[in-house]
Amino acid sequence: MGILIALIPAIAWGSIGLISGRMGGTARQQTLGMTMGALVFGLALWAVEQPTLTSKIWLIGIVSGLFWSIGQGQQFTSMKAVGISRTTPISTGMQLVANALAGVLLFNEWHGNMYWIGSASVIVLIAGAVLTSLTDKTDPNRSASENWGVGIRALILSTIGYAGYTIVVHYGNVNAQAVVMPQAVGMLLGALIWSFKDKPWVVKATYRNIVTGLVWGIGNLFMFMAMAQIGQAVAYSLSQMGIVISTFGSIYLLGEHKTKREMVYVVIGSILVIVGGVALSLMKA
């Protein structure tokens, strides 16, 4: 059941870049709008479930949300710099490394042969992520607007933010449903701090991205439910299989250009991501 639960974030999060791309706006507008949607989801969940919110849950939730605002804001920045189909695979690989290391080193989730199987699975996942991001240097239509300096810096910061967002909650060992609303408060605070000078709250695109936040909220809830059942390393790795949705979606729905050679890279890379994810799930099962 935990494995099935972990696939829900893959679908939800794999759609985030596509939805935000359709909703439009700058990285700051998208991040603020998304956090508004996440807060709406968090408040609705709290109203239905009425979980107890202790000071510990508030602290962990807000800190986790602040980390998330760094992760998501910088990922949107990278998407603007180098495109969704290039950002998502690289970001996925970096997040998988960070969360697998956290699961093993901080939470001692793998034992004995699990080290070898888990390590091999993560390597396969990372190889798939890298393949999907490779470019065809002979393509005369390569975008001159890609800014890899900005993109890589944003991805490094994004990975730190995303790693902190999951590690804090897992380390705190708090109820998944209870932490969602405080976490959304932290996300909104972080987004407001980052975007304040641009006043994104006066732009319609910000409010359109509330939809993005609602979809993210669904994935977030099921992500932490899965972590409690099958561990951080496996749950997070499975959740990142949404790379297939975001990569192919950005090509076919948003029209990001790919040559035949790049499409071969994408197909092989996506297969490797699926194989690595399945291997991790079988290891835990």
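The chain as shown is numbered from 1 upward.
A Cβ is built for glycine as well, from the same backbone N, Cα and C atoms used for every other residue.
Now, the feature entries from Swiss-Prot:
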type	residues	note
TRANSMEM	2-21	transmembrane segment
TRANSMEM	31-48	transmembrane segment
TRANSMEM	55-72	transmembrane segment
TRANSMEM	112-134	transmembrane segment
TRANSMEM	147-169	transmembrane segment
TRANSMEM	179-196	transmembrane segment
TRANSMEM	209-228	transmembrane segment
TRANSMEM	233-255	transmembrane segment
TRANSMEM	264-283	transmembrane segment
Exercise. Between the stretches 31-48, 147-169, 233-255, which wins on the count of C-beta pairs under 8 angstroms to the transmembrane segment (55-72)?
Worked result: 147-169
Exercise. Most CB pairs under 8 Å with the transmembrane segment (31-48): which of 2-21, 112-134, 209-228, 233-255, 264-283?
Worked result: 209-228
Seminar exercise, completed: For the transmembrane segment (2-21), the candidate among 112-134, 147-169, 209-228, 233-255 having the most Cβ pairs under 8 Å is 233-255
Exercise. Near the transmembrane segment (147-169), which same-chain residues lie under 8 Å Cβ to Cβ, leaving out any that are not at least 6 residues past its ends?
Worked result: 60-61, 63-65, 67-75, 77-78, 81-82, 86-87, 90-91, 94-95, 98-99, 102, 106, 179, 183, 223-224, 227, 232, 236
Problem set entry | Cβ contacts the transmembrane segment (264-283)/the transmembrane segment (179-196), at least three under 8 Å, sequence gap 6 or more | no
